[in-house]
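Look at TrEMBL and you will find B:6-24, B:58-76, B:97-115, B:131-150, B:171-191, B:203-222, B:229-251, B:257-284, B:296-315 tagged as transmembrane segment.
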């Protein structure tokens, strides 16, 4: 019966109701099915909302990024990249992806992030590279795709890098779990066994970003030839 | 400590509340009162979260959800700089524009690594439990001051600009916190136990491969439901890995922990429940399809999930 909440979430997302509403209703129903009182459920909402305020930290970056955007930050990021001949959307994102994952391996998870790096710098640079290569009027859906890839590189880089660093939350959580269950474990070994997947992630996603460039070439290559012809 | 996490929340809330005042006055927003109220309440929950009693807080949150659910949250107008204005300013400032943006990660790292154990008297300068978040907030404040001086703009400009960005994100800003709430309710209602029982009745427990498969796929699926691999790990590991992989097949706990958690991360990449990684960025980047980031991540996630299953199987043989 308690799985009804899970069902509500899945159905809600499939029929594309507003996720915020779906999640709230799923929480209320699950609580009621588990025979909690409405007062308790609302109290849990309040308590969890308060303890998870750290998730709103991205708001701190908005004033700076917004201000700089008003003065042309995105355009400047695009302009810098458009001067680099070898730059392509895939390569720019790949460089960022590489830096993000390697930094995370050394515990520097605070390099990067969607609000502080992807929106103001990485995505505009990748779009700038595509504009320089295929001309200013790249289709909107291509822009959207480049942006989505920029965001994805940030996630994949940090996720598969950070567990190689022993002092990260995930490793501490796993150590704590095994300690509670009287199973011997060693954070250093856990971190070491995270290395193969970290390397696999680096290879797999780099190949995908290389393929992104290939697919952009196939789709927009025509205007590429024209632009090169005019330039030289 | 001198700079606590609460101070950071007040800082976040301040921008949100100030922004909401502009929303209340925004004549071009057809639902300016309810929209303004949404951001005002959000700001209040951030600023006063530790003072407001949990039940009242819960009610405020539900009011916010009702505003969203009834279509009361609309975007307005922001007096954006025109393309010419931006180009002109850009020519004047050039690469200097990148400086404040780059200050954010640099100062964050300096704060995280350099100020970690620094005390004045007996007090740590920064909140020890949230060192990265506090460093990030300080970094953004310094970058903001540098930015204002550099552009010689009115101190109200950043408030208006942050309002523009926050309203572009809209309800997605609150979603991560609501999903975390759902996670706690799921846990207190015993959803995890039911799921792990379900999985362990389905799989053939005599086959190492199928147990490894069930553990990794279970981690990914349960992470997709909960939106968080940290929530899935204790449930799936206690339900499948400890009795079967460790108990029956003698697999090393260090191997299965590292690889199982990564299998969970593959799930994180594929679910809207991991809102702060998948939905908020989509809103932040003005993507039309809120699931676009997830769509891009799915191939990599599936390949890595297969890799994790194979890896755990072969090193456990």
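Just so it is clear, glycine is given a Cβ too, placed from its N, Cα and C backbone atoms.
All TrEMBL annotations are machine predictions without curation.
Since we're looking at a predicted model, the values are computed, not measured.
Panel annotation: around the transmembrane segment (B:6-24), residues 32-33, 35-40, 42-50, 76, 130, 133-134, 137, 141, 159-160, 162-163, 166-167 of the same chain, lying at least six beyond its termini, place a Cβ under 8 Å from a Cβ of the stretch. Residues 90, 125-126, 131-132, 134-136, 138-140, 142-144, 146-147, 150 of the same chain lie 6+ residues outside the transmembrane segment (B:97-115) yet bring a C-beta within less than 8 angstroms of a C-beta in it. Ranked by Cβ pairs under 8 Å to the transmembrane segment (B:257-284), the stretches B:131-150, B:171-191, B:203-222, B:296-315 are led by B:296-315.
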